[in-house]
Amino acid sequence: MSRYAATDVEARWQEAWDKAGIFRARRDAERPKYYVLEMFPYPSGRIHMGHVRNYTMGDVVARYKIATGHNVLHPMGWDAFGMPAENAAMASGGHPKDWTYANIADMRAQMKPLGLSIDWSREFATCDPEYYGQQQALFLDFLEHGLVYRKNAVVNWDPVDMTVLANEQVIDGKGWRSGAEVERRELTQWFFRISDFAEELLEALDTLDDWPAKVRLMQENWIGKSRGLQFAFSLIDGPEGHDRIEVYTTRPDTLMGASFIGISPDHPLAKRLEAERADVAAFCAQARKGGTTAEAIEKAEKLGFDTGLRVRHPFDTAWELPVYIANFILMDYGTGAIFGCPGHDQRDHDFCAKYDLPILDTFLPIDAEHDIQAAPFVPLKSERVRYTRLVAGDEVQTGEVGVNAAIDFCEANGVGQGVTKFRLRDWGLSRQRYWGCPIPVVHCDTCGVVPEAKENLPIRLPDDVSFDAPGNPLDRHPTWRDCACPRCGASARRETDTMDTFVDSSWYYARFTAPDAATPTDMAEAEYWMNVDQYIGGIEHAILHLLYSRFFARAMQICGHLPDKAIEPFDALFTQGMVTHEIYQTRDVAGRPVYHLPEEVYWRDGKAFVQAQVSFDGQSVKVDEDAVVVEVEVIPSAKMSKSKKNVVDPSTIIAQYGADTARWFVLSDSPPERDVEWTASGAEAAHRHLSRVWRIAAEIAQSDAPASPEDETLLREMHKCIDEVTKGIDSFGFNAAIARLYAFTNTLAKSQAGQAAKSTAARTLAQLMSPMTPHLAEDIWAMLGGQGLVTTAPWPQPDPAMLIDDTVILPIQINGKRRAEISVPSDMPKSEVEKLALAHNAVVKALDGAQPKKIIVVPGRIVNVVL
RNA sequence: GCCCGCGUGGUGGAAUGGUAGACACAGGAGACUUAAAAUCUCCAGGCCCUCGGGCCGUGCCGGUUCGAGUCCGGCCGCGGGCACCA
């Protein structure tokens with residue numbers, strides 16, 4: 001008997017599926033539709049194990065849904081714009097477009113051998129002009145509907161590379177590429193009005209029952225709804241036009257503990273003073289320095305500048321408070337001004353200590369001493385406190401009640417009003433980059449900012465650009481900017497900013513429903529295919545991508561590009577874990593880590609070793625055979641990265657074992673939402689198991705064993721397996737489903753049943769395995785005379801009668817501890833079971849003639865005798 | 001600082017409040033073989049044992065329950081998200 005030759009077999013079945021066209025999705029009113037989507041990849045050039053895991057999970061779902069009679073849409077595309085392409089161009093002198101399309105071709109070639117049930121006829125890349133042209137059309141529609149606007153905003157500006165940097169690209173206050181000190185600069189940028197949807201995006205989270213609670217919570221926190229009081233302090237002798245300072249607070253119950261007013265360096269009052277006074281200007285310049293990252297902020301010293309101005313406290317006009325400009329106050333949250341309450345806030349306490357301002361309390365612990373001068377008293381909102389001053393009254397109550405009472409009191413006394421604020425800010429989409437979707441607007445001297453005419457779309461990126469100088473190549477292009485004003489026809493300039501790449505990924509799922517449509521979507525197709533029934537991807541996109549997509553779906557619905565039902569585009573979301581791998585590390589003489597490839601490491605007595613590495617001047621030099629052997633430090637469960645030398649290339653694995661092995665392994669060892677560690681032995685074991693299944697099936701195909709009493713037992717096991725595997729796949733319990741398949745394989749291997757029963761069992765096993773290991777399943781199915789393709793064969797149904805055993809083994813507990821067991825017919829009435837249990841030796845012995853206090857019989861489960 | 005999640009054998013993990021450790025990895029013993037590979041069989045939480053079994057055991061302490069890995073409260077540890085957010 002020959003062995004299972006995975007690679008040949010897999011290529012053959014992929015061809016068969018292709019020929020049969022079974023993954024081509026077409027509208028069909030007869031069958032229920034099912035849209036399964038995995039987050040599309042960035043075309044870096046190589047697929048990695050994370051991709052394999054992600055797309056395999058999607059494929060399991062897709063194939064299962066095909067087998068259960070659904071009309072499945074399972075598309076694939078490329079998130080193809082972005083900085084790596086430009087960086088590669090700058091480094092090697094190529095063109096981002098060539099680099100990107102070459103990478104797409106490479107990755108597609110690596111992906112196809114996985115045997116995914118993808119409808120490749122729908123494939124597109126976001127850098128295709130056909131795609132980004134439709135994105136430009138969407139932008140124009142958004143503009144018309146007031147969903148996008150232009151305003152000045154403070155950004156991280158790299159003065160050397162001459163571009164805006166995302167917060168993630170600012171490290172220690174310096175640009176990640178140039179190393180230059182990042183400046184906060186005000187630029188005119190385009191923004192999506194996502195904050196207008198804050199309330200709706202928050203409330204709709206409650207409807208997303210099939211999303212992970214964790215993701216919903218993260219979005220909830222990101223949107224950051226808060227309720228507080230907005231009111232004004234009147235300014236004494238302020239500059240003209242500045243007679244009050246508006247502040248927002250979530251703790252109005254601390255209003256009587258105010259010590260100072262703080263305003264942002266970007267506050268209109270600060271700017272006014274800055275224009276008039278050199279000392280203020282110097283301070284503001286100092287305060288604006290440094291990035292806006294968490295890290296930069298953490299290190300920055302809290303600085304204040306006393307403007308000399310004073311305000312009056314709203315509840316006591318004789319009470320005057322100083323106005324400081326402070327570097328820690330943000331202009332784009334609340335009103336850009338705060339009142340400082342040192343008694344109940346650590347930062348304000350530090351600030352007041354530093355600038356010698358009074359520290360007052362407004363409430364204290366109920367039954368403990370607290371020295372407010374030494375430290376602020378910061379209770380939880382739910383903690384009960386003893387109020388000591390006005391506004392919330394002087395009763396004992398929780399902070400939460402105090403806040404509400406304070407808002408009511410202030411409103412009743414004409415001091416401000418209760419307001420709701422959100423942390424969510426509008427989404428700045430302008431990027432000073434070449435490799436992105438051009439923003440389709442024109443700057444005209446007479447007409448101002450004018451939307452491009454739709455018939456001029458797509459506004460294509462020029463191919464002839466150079467990356468030899470910093471800044472945006474579109475800005476430097478000799479002719480690309482020149483155009484005619486769509487409104488007056490005079491010569492005008494194109495906008496050279498491109499869109500944030502998150503825009504590209506915010507609507508691709510909708511485009512897949514009609515990838516060739518002449519408008520962004522085709523409503524008939526969208527009506528049929530939307531929503532995505534199952535979306536699968538990494539938790540790292542829990543906030544930005546998923547929130548942006550939710551916003552985009554709403555915006556597209558408003559513009560008539562999506563049906564009403566699609567405002568929440570993803571019905572179910574699954575976030576899968578990473579594929580990790582051990583790191584093998586030694587150290588050179590300077591103590592710096594040296595990493596070793598898995599194949600350099602060998603194991604003895606559970607310890608890992610490599611040939612010694614000797615280092616001269618930090619250069620690691622490998623010494624020859626008879627050199628010292630060095631024990632390696634093994635760091636488990638690490639993210640795969642080239643620099644740590646712990647990357648496993650899927651293509652290598654597929655060449656060695658076949659795709660089914662890789663697919664089986666990434667699903668088998670851990671629950672899908674958790675990380676899974678890739679191990680060579682695990683992969684080998686997976687391969688060994690698949691070969692075994694094939695061998696068992698091949699033996700069955702050639703056997704002529706007659707029917708036997710064992711048949712019934714085997715078929716009962718089979719139906720239980722169908723039931724459990726089906727439930728496992730339905731609930732994303734792929735690892736549990738696979739464990740069940742292992743168990744059933746063992747049963748089948750040992751069974752003495754006849755050929756007919758075994759053949760049925762093996763064909764069913766092939767069906768149950770087909771979502772995970774489709775090639776092997778087809779091969780077995782064909783070998784055992786299955787009709788057509790196993791991929792399209794109807795999913796097996798468990799026979800309920802076969803799921804119930806005639807007899808069950810019932811454990812008997814005495815006082816909750818397992819002491820014995822009895823075998824009883826599964827339909828035996830409780831009273832009979834009780835009698836049997838009481839008659840059992842162990843029970844009689846334990847009772848010692850006494851009556852039991854209580855007997856609990858859980859049919860089919862357990863008996864508990866309480867003494 | 002605020003919010004959330006998770007702690008089960010040597011390892012990954014399984015277990016609608018009902019026999020804890022399924023299934024697998026690594027390990028051990030054996031069969032087949034001249035040998036190896038491949039394959040197959042068996043063992044395997046810990047501690048005792050008169051070989052029937054007994055005691056302990058799901059991070060720690062307590063609670064609810066006939067019964068808790070699972071529910072509740074507190075602690076310890078690890079991981080994740082957010083954060084000059086007023």
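Every residue, even glycine, has its Cβ placed from backbone N, Cα and C.
In TrEMBL, the annotation motif ''KMSKS' region' applies to A:639-643, one of the ranges A:24-28, A:369-373, A:469-473, A:639-643. Residues A:41-51 are the range that TrEMBL records as motif ''HIGH' region', among A:41-51, A:745-755, A:822-832. For the domain 'Methionyl/Leucyl tRNA synthetase' (A:36-170), DSSP puts the residue distribution at 70 helix, 23 strand, 42 coil. Residues of the same chain lying 6 or more positions beyond the ends of the motif ''KMSKS' region' (A:639-643) and with a Cβ under 8 Å from any Cβ of it are 48-50, 578-581, 595, 678. Against the domain 'Methionyl/Valyl/Leucyl/Isoleucyl-tRNA synthetase anticodon-binding' (A:711-831), stretch A:36-170 shows more Cβ pairs under 8 Å than any other of A:36-170, A:220-373, A:425-581. Over all protein chains present, the Cβ of A:K642 (ATP binding site) has 9 other Cβ atoms lying within 10 Å. For the domain 'Aminoacyl-tRNA synthetase class Ia' (A:639-678), the DSSP counts in helix, strand and coil order read 21 helix, 3 strand, 16 coil.
The average pLDDT computed over the domain 'Methionyl/Valyl/Leucyl/Isoleucyl-tRNA synthetase anticodon-binding' (A:711-831) stands at 94.
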